[in-house]
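The structure's right below; bear with me while I get my questions together.
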Amino acid sequence: MEAPDYEVLSVREQLFHERIRECIISTLLFATLYILCHIFLTRFKKPAEFTTVDDEDATVNKIALELCTFTLAIALGAVLLLPFSIISNEVLLSLPRNYYIQWLNGSLIHGLWNLVFLFSNLSLIFLMPFAYFFTESEGFAGSRKGVLGRVYETVVMLMLLTLLVLGMVWVASAIVDKNKANRESLYDFWEYYLPYLYSCISFLGVLLLLVCTPLGLARMFSVTGKLLVKPRLLEDLEEQLYCSAFEEAALTRRICNPTSCWLPLDMELLHRQVLALQTQRVLLEKRRKASAWQRNLGYPLAMLCLLVLTGLSVLIVAIHILELLIDEAAMPRGMQGTSLGQVSFSKLGSFGAVIQVVLIFYLMVSSVVGFYSSPLFRSLRPRWHDTAMTQIIGNCVCLLVLSSALPVFSRTLGLTRFDLLGDFGRFNWLGNFYIVFLYNAAFAGLTTLCLVKTFTAAVRAELIRAFGLDRLPLPVSGFPQASRKTQHQ
């Protein structure tokens, strides 16, 4: 064999080993996420749905739970996708020729983006509808009962739903795109219609993030205040403990002497209220035993960090709005190449990259808090060991929509300069200047409005409490009308 043949063979072997290495790394990453999500979901599922007398229902719920675990793992991978890419780029810049990080390259990052895009499509369009129809199915009338009968019914329902969605996407694309070939042909399903459908879903996710993130940024202050121990100047734990003990004693007296009240009592409701008060009293005892460092330093530092992160997010978006008006390069776009480690995506270098990662995670947590705080989705909020299977499916779908839109959301707001890889950069609406500009302006305006409203309401409540106006008796709404009637008489 000649020397050129050896060179060709060595290049092929190297490409083969790199491909195998990427597959192993991707599999290990997904397995880790899958195990974490499975542990997380088992803490919220209803144990009664998996230990029923009917083995068929238990089997169906177990299969649906595995599909939900897969979907939630993909959602978590979508959240980690952009931060992992930014950190990888900075690591390659700092250690360009290190032997121990040869596995970290542009091909691996690009492959992870493509896998997340593929499995997000698969979960949203096929797996989650299959899981929902599978849990609700009973088999066709006249067919034999069993899991296989449910599978047949679910597959038929899924095929009908696929045809319906495909027809709607075809009509929508024909209306938006005036190209006659797209109206007459359905052959380019994988190349055009499926990415177009995911583009619509991603756009809905970005709009959902636009609504939920400002609300979550405002709610983060109150949520953090409930989790941390406030200074004694801001809360009186002794008074709360006294009130809790007094209410518990009153409810216990009602339970022990039900004949003392002439109204019928709901004993089950009273027992639940007593248990809730006992749990609240235990939490208050723990908060009272907190150290002075936790009480006087932890809460102010946490509030200061939240205020800095929120203000920094609004400032970056405001700067990005000005850049959109001046420079066309500020528009979000896709990156087809896989070369990383060439240039930093932050003007501040590694420090700026760390700030970008922290802001991305902060906005994602805020969007989840805002999502579950909104009145429309509050009923979806999972409960510890008391969440139905259909509710778990709904939560997984919503979290996947939010997380898969996070890279587009971050790049649209200018939180990072890292361009979108793979099919994430092929969305049609990303090139529309008016959509991107209005989106940035709406985010900055809504976030500022929510923060101003939250802080003014908090300051107003503290002033009312400080002046003792909260102890004043409130006027009865019907009293003035009654006085007028007596005057006329």
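Each Cβ is built from the backbone N, Cα and C atoms, and glycine gets one as well.
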On the same side of the membrane, Val60 and Glu138, at least as Swiss-Prot annotates them?
yes
Can you tell me which parts of the same chain pack against the transmembrane segment (67-87), counting only residues 6+ beyond its ends and a CB-CB cutoff under 8 A?
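Answer is 29-30, 33-34, 36-38, 40-41, 109, 112-113, 116, 119-120, 123, 127-128, 130-131, 340, 345, 353, 356-357, 360-361, 364, 392-393, 396-397, 399-400, 402-404, 406-407, 410, 416, 418, 421.
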Can you find at least 3 Cβ pairs under 8 Å between the transmembrane segment (351-371) and the transmembrane segment (197-217), where each pair is 6 or more residues apart in sequence?
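The answer is yes, given that the two segments have at least 3 Cβ pairs within the 8 Å cut-off.
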Using a Cβ-Cβ cut-off of under 8 Å, list the residues of the same chain that are 6+ residues beyond the ends of the transmembrane segment (432-452) and lie near it.
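Residues 206, 210-211, 213-215, 217-218, 310, 313-314, 317-318, 320-321, 324-325, 331-332, 412-414 contact the transmembrane segment (432-452) from elsewhere in the chain.
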For the transmembrane segment (389-409), what are the same-chain contacts with Cβ under 8 Å, counting residues 6+ beyond its ends?
41, 44-46, 49, 61, 64-65, 68, 71-72, 74-76, 78-79, 81-82, 116, 120, 123-124, 128, 131-132, 135-136, 201-202, 204-206, 208-209, 212, 332, 360, 363-364, 367-368, 371, 377, 380, 382, 420, 424, 427, 430
When secondary structure is assigned with DSSP, how many helix, strand and coil residues does the topological domain 'Cytoplasmic' (136-154) contain?
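Tallied per class, the topological domain 'Cytoplasmic' (136-154) gives 9 helix, 0 strand, 10 coil.
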